[in-house]
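To start, the structure itself, in structure tokens.
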Amino acid sequence: MDGNLADRYAGALVAHSKLVVVVLLVLTAVVGAGAVVNETEDAGIGEFETDSEAQAALEYVEATYETDDAVVSQLVVREEGGNVLTRESLLESLAFQQDVYANESVNATIDDDGFVGLENVVATAAFSQGEVDALSERGEELGEREAELEARTEALEDGLDEVRDLQREYEELAATTDEDDPEAETAAAELEADVDAVVAETADAAELDDEQTTEYEAAVSEARELEAASFGIEQATDDPEAVPEYEDLQDALEGVYAAGTAGVLAEEFEELGEAFEDLEAQQEAFEETIEAGPSLDDQIEALEDMDEAAFEDLLADVLDDGTDENATDADVWAGPSDGDDAAEFLSAEYDPGETEAEARITFLFQVDDSGEDDEPEAAYDAQLEVESLFEERFDDGFVFGQGITDAASASAVGDSFAIITPVALVFVLGILAITYRDVVDVLLGLAGIGVVMAWLAGLLGWLEIPTSQLLIAVPFLLIGLSIDYALHVVMRYREARAGTLDVSGDDAAAARASADGGDPADADRAVVRGVRTGMALGIGGVVLALAAATFSTGIGFLSNVVSPLPAIQDFALLSAGGILATFVAFGIFVPALKVEVDGVLENRFGRDRAKPPFGVTPGPINRALGGGVALARRAPLAVVAVALLLAIGGAYGVTGIDTEFNEADFLPEDAPEWAQSLPGPLAPDTYTISDDAEYLADNFQDPDSQAEILIRGDVTDPTTLSAIEDARGDDAVTATEGTIDTRSDGTAAVDGPLTVLEDVAADNETVADGIDARDTTGDGVPDEDLEGLYDLLFEVDEDAAAAVLERTDEGAYESARLVVSVRGDAAAQSVADDVRELAGQLERGTATDGDEAAVSAVATGGPVTTAVVQDALLETLVQAFAVTLVVIAGFLTVLYWVRHRALTLGLVTLAPVVAALAWLLGAMALLDVPFNSETAVITSLAIGLGVDYSIHLGERFVVERERQDGITAALESTITGTGGALLGSAATTAAGFGVLALALAPPLQRFGLVTGLSIIFAFVACLTVLPSLLVLRERVLDRLE
């Protein structure tokens, strides 16, 4: 758009101002409808993902394997200087759990694992101990009864033996005496008496009742008969065993013994058997209860029934015996299992072996029926209800979970805007009032901002961009840019009406005259008095700079579309669309609307709308703005040298900026005292979520302290398991300063197919034999027929196998999964490096004789993908800077060459912007502002806003240089002419962004601080460095000529 085209554009705009206003209002309604037509989703707090090998592997693992996708709430019971391990404290936690289960909406979201905490471990142990004691006591009782019955049975058997002996004595006597012999009669009588005595003694010893005694007497009589018959056969033959009748008699005797012993006590033996069956059933039921976990009622009853001494002993045993030498810090997150270390539920301040602690943690596992791509809203809402119930029970402590952090962040953003909006309005309206000194112009500016915001909301809907905290910056950016554009348009209009702009040029004069409907010969007079003429000249003189600034600023933000992070890509698209909307509003709509409004006010109401431009008339503002010119005239080289040194220092400071990506950076902080004293609706809530997160990180294991390795390829290759074991023991992996946890044997804490095989083999002999049969080297690692071994594992325990192996429906093995336990306090980049080293060692271990590796191993998991995001953020900074710099430099070079044949002016105009960016990065390092999601776009923001100032100043300088005899006069006219608009724009925008530093949400604080600084540095560089560079450029050109 050259000068003639700009003048024709301006003439057409003011000539058809009514039509322009109507068309743009209709167009705004169409674009703004997108906010209603399409609903936008919430991207969540600090939620960033990037397309990468690690992210793809993680998604593959989550879609393929039996991963734990439960929503986890963390409940911390705390008593500083006290003890949270008392029986009363544990019972209070169990009662709280009952409250939670009693809440129907919360109960619907609780997973099968439910609550897992030390209170449950101790109460379950108490319940187990009580049940075991009861079962043991019952077993002992039944054992005593069994022994008693055996003794009674033995007594009955002894009685039968004694009776048989007496019968045999009688038979021997009868065989040697005549039956009529008195001696025989006496012996018979004595026998009967002895038998009766034995029976009586036996019945008494065996504790027989009358009925049992009768049964026993019958057995005794039958035994005597059989004994007598047996004696007769023995007397008749030397080999009674050969007589069939004798064998029958012996068999009959066995039956008599059975009937006379166990048979007599049969009813009692039956009762005892039933009692043992009942005991066995109770034992099985107890085992099932322990496996599923006893009910809360049972747990509470078990603790309440214990005396204090027994409780203390039990607590000491639980805290002592829960240790597994192979357990890792991540084990506790799997829920209740036999290998959990009870001390993992206690804070880092806990001394092992003690029975007192100041804090403990409980986990609540939840599920949600939402789809895979949807947030588990029901579970998140339940977390808020759990938090409310928790606060009713406990004076100290907190509940932490994603739902709670999201709610706190959303509330903090609302509270932040409630606090800063009035402050921002006061600042912005105050500065606008000082700058404009006219209510109508302020209202027109606000109308233009309204159009921009309508377009922004519409674009958000039409483009279906999910909302995120990063996008909160866009409205503030566009408001700042809108104020800048409005000031330049209005101030140029005022300059035109005041007669301080160049009115030379036939085309310009014709445009102005035709705009007012007059003759070109009257143009000079019209420029001072006419509304339309003033706008034609004003907008014609600034529209090119506005268009160039729009393009440059838009490119600055659109360059972020090269970012690998979708959230930043969305930011780039929305910002670029909003910047275009700003040009439409203030390059078309507001000028046309101002023509109509000022025309009505002057023509109908007689109000003079010719106002003086800001910073042009003599005064303190004018003198302050002229300071840059004075420096440029006296010591331009010194100014540039200082700016360069500061830029070098800032560039060096970049190396010290923290690039660690941590969701804790997004958590709101509690309001300062002055904010808490605000009245009524302005008073913010109390926010402890940031402190809670820090306490969790300092005192308890991070639930994300787990990485994974996805193995794909020939996972049944004989070398695979050996390669995994070799990698676990590699010195580079298990180094002391490393981030991967190690087991007691010094190897890396890695769970995979082999550890699952070993766990299953411990309880299954078939799998154990299968491992031994396939271990040809005797090192415990199978090295042949892994496919057959895996098939066996799936047959025995499919769930365990499916957690580490992927098997297709056809039975082929596609991949394997390793779970790596890592230190929770380690930096994500360090974890990623160590896990990648482990994956690389594994992969190289499957390559034999120079062949390619049999498998590929990709490191993934939370810490690894977080490291990838960190790399992507840094990549965003570098790529966006490169793209922005190259495109804007090229554009400005071409622009100034085509318009003014000034090849170097574009680079000179851009140089202060780059210097301001370097200063900003140095300030970030000094202020310890981290480089994360919201500051990742800082290069685009600094260049985009800074180049806007430079273009306005540079374009005005070219015009003034043609009018003025010397460069000093040209610079003074440039600074006083456009510097006022720049000052008003910079002050308003910096104030608008700067008040964000008062926000409760850290992202808003950081963005406000960084943006405010970027605007100040850009403005300072524009008024000091750019004039000095222009002076130096002029001197160089003079020497070359």
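Note that Cβ sites are derived from N, Cα and C of the backbone, with glycine treated the same way.
Sequence annotations record features per position, and here TrEMBL assigns transmembrane segment to 12-37 (among others).
Packing against the coiled coil (132-176) from elsewhere in the chain are residues 184, 187-188, 191, 194-195, 198-199, 201-202, 205-207, 216, 219-220, 223-224, 227-228, 231-232, 235, 256-257, 260-262, 264-265, 268-269, 272, 275-276, 279, 282-283, 286: each is 6 or more residues past its ends and has a CB under 8 Å from a CB in it. The annotation coiled coil is assigned in TrEMBL to 132-176.
Per TrEMBL, the feature transmembrane segment maps to 417-436 (among others).
The feature transmembrane segment is assigned by TrEMBL to 443-463 (among others).
The domain 'SSD' feature in TrEMBL is assigned to 458-596 (among others).
Residues or ranges marked as transmembrane segment by TrEMBL: 469-487 (among others).
The transmembrane segment annotation in TrEMBL covers 535-559 (among others).
Annotated transmembrane segment per TrEMBL: 571-593 (among others), in sequence order.
As annotated by TrEMBL, transmembrane segment applies to 635-654 (among others).
The feature transmembrane segment is assigned by TrEMBL to 877-898 (among others).
Annotation comment: TrEMBL describes 905-1032 (among others) as domain 'SSD'. A mean pLDDT of 82 is what the model gives for the domain 'SSD' (905-1032).
The transmembrane segment annotation in TrEMBL covers 905-926 (among others). Sequence-remote contacts of a segment are chain residues at least 6 beyond its ends whose Cβ falls under 8 Å from one of its Cβ atoms, and for the transmembrane segment (905-926) they are 643-644, 646-654, 656-657, 881, 885, 888-889, 891-897, 935, 938-939, 942-943, 946-947, 950-951, 953-954, 958, 1010, 1013-1014, 1017-1018, 1020-1022, 1025-1026, 1029-1030, 1033.
Residues annotated as transmembrane segment in TrEMBL: 938-959 (among others).
Tertiary proximity for the transmembrane segment (980-1001) is limited to same-chain residues at least six positions away from its ends with a CB under 8 Å from its CB atoms, namely 409, 412-413, 415-417, 419-420, 423-424, 427-428, 431-432, 434-435, 469, 476, 479-481, 483-484, 487-488, 491-492, 613-616, 621-622, 625, 666, 668-671, 675, 684, 687, 945, 949, 952-953, 1007-1009, 1011-1012, 1015-1016, 1018-1019, 1022-1023. For 980-1001 (among others), the entry in TrEMBL reads transmembrane segment.
Marked as transmembrane segment by TrEMBL: 1007-1032 (among others). Outside the transmembrane segment (1007-1032), and at least 6 residues removed from its termini, the chain residues within Cβ reach (under 8 Å) are 472-473, 476-477, 480, 625, 627-629, 631-633, 635-637, 639-640, 643, 908-909, 911-913, 915-917, 919-920, 923-924, 927, 929, 934-935, 938, 941-942, 945-946, 949-950, 953-954, 957, 967, 971, 975, 979, 982-983, 986, 989-991, 993-999.
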**OP:** Run the contact check on the transmembrane segment (877-898) against the transmembrane segment (469-487): 3 or more C-beta pairs under 8 Å, excluding pairs closer than 6 in sequence.
**Re:** no
Original post:
Is the transmembrane segment (938-959) packed against any residues at least 6 beyond its ends, judged by a Cβ distance under 8 Å, and which are they?
Top reply: 477, 480-481, 484, 488, 502, 541-542, 544-545, 548-549, 552-557, 559-560, 572, 575, 579, 877, 880-881, 884-885, 888, 892, 896, 899-900, 902, 905, 908-910, 912-914, 916-917, 920-921, 924, 931, 970-971, 974-975, 977-979, 981-982, 985-986, 989, 1010-1011, 1014-1015, 1017-1019, 1021-1023, 1026, 1030
Original post:
Among 417-436, 443-463, 571-593, 635-654, which stretch has the most Cβ pairs under 8 Å to the transmembrane segment (12-37)?
Top reply: 443-463
Subject >> the transmembrane segment (571-593) versus listed stretches 417-436, 443-463, 635-654: most Cβ pairs under 8 Å >> reply: 443-463
